């Protein structure tokens, strides 16, 4: 890809995200979302592979539909109450349309079908952007309008996302699709508590972004795209593979790793809100995700594959240490003791 085109796309991504998260007017927020969509499209299609072109078209169609719904929702609300302020979303139809639009943009169930396919057709770094940075503007809009949204609908979307994200990730062999379903499952945890404690949703998203970024960067360094490759990568980068195992267990939410903190706080908040059945259901559904995280962790640390693999053994090159990955890995595995401090800051 041309360096100038890559620079323009990167600057546009940052600018679009900044416009959306800092705006109070619906038209400005919609403009930022459109800039984001147009900026990421060249990054998805840069390989010119048929799968990448297919992923680009799917992404463009779904995001265009979501943007049209957001515009229609804000227009209906402004027509009804005479306000373009994002926080003044009071019209019931507008609230329903906005919830649907944000669900499409985030890839929540039942609007999740585009997300794994788009990630599978993208490079690892583009998939990282789609899983983290591109989720921030829609999450921000949900945070700003959370008091106007229907709690029953959001709870239903959250439980469905946790169920489908865990269930459909069980049989996957491609790491990008597994991380896509992991993202859908984590979004369910964020959405379920957004009305009752928006700051907790923001904390969950931040920790999810840190852990997912570390996993993507580590897999990019190991050059792993599927499980059969991961089986034979242990001899090439043993320390990084062991780190990937800990990162995956942290994403699964196992104590004493960082990923346990947001799930613990969300369960505590749901219990305070007298939503113990919801907390129980979403906790049980996280066991589905735990299964495929354990499967990935097993594949990343096994020394020999259990059967003959047709994958060509790779040379073990001299690796330069990556400081960014090391810092992110430390944050992704060791923040749980700081939970009391983080809670006091919320």
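Just so it is clear, glycine is given a Cβ too, placed from its N, Cα and C backbone atoms.
In TrEMBL this protein carries:
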- 23-288: domain 'NADH:quinone oxidoreductase/Mrp antiporter transmembrane' (DOMAIN)
- 56-76: transmembrane segment (TRANSMEM)
- 96-115: transmembrane segment (TRANSMEM)
- 152-171: transmembrane segment (TRANSMEM)
- 178-196: transmembrane segment (TRANSMEM)
- 202-219: transmembrane segment (TRANSMEM)
- 239-258: transmembrane segment (TRANSMEM)
- 278-298: transmembrane segment (TRANSMEM)
- 290-342: domain 'NADH dehydrogenase subunit 2 C-terminal' (DOMAIN)
- 323-343: transmembrane segment (TRANSMEM)
Between the transmembrane segment (202-219) and the transmembrane segment (278-298), are there three or more CB pairs that fall under 8 A, provided the residues in each pair are separated by 6 or more in sequence? no
Counting only residues at least 6 beyond its ends, the same-chain positions whose CB falls under 8 A of a CB in the transmembrane segment (323-343) are 203, 207, 210-211, 213-214, 217-218, 221, 243, 246-247, 250, 255-261, 264-265
Same-chain residues at least 6 beyond the ends of the transmembrane segment (239-258) with CB under 8 Å of its CB atoms are 182, 186, 207-208, 210-212, 214-215, 218-219, 221-222, 233, 286, 289-290, 293-294, 296-297, 300-301, 319, 329, 331-337
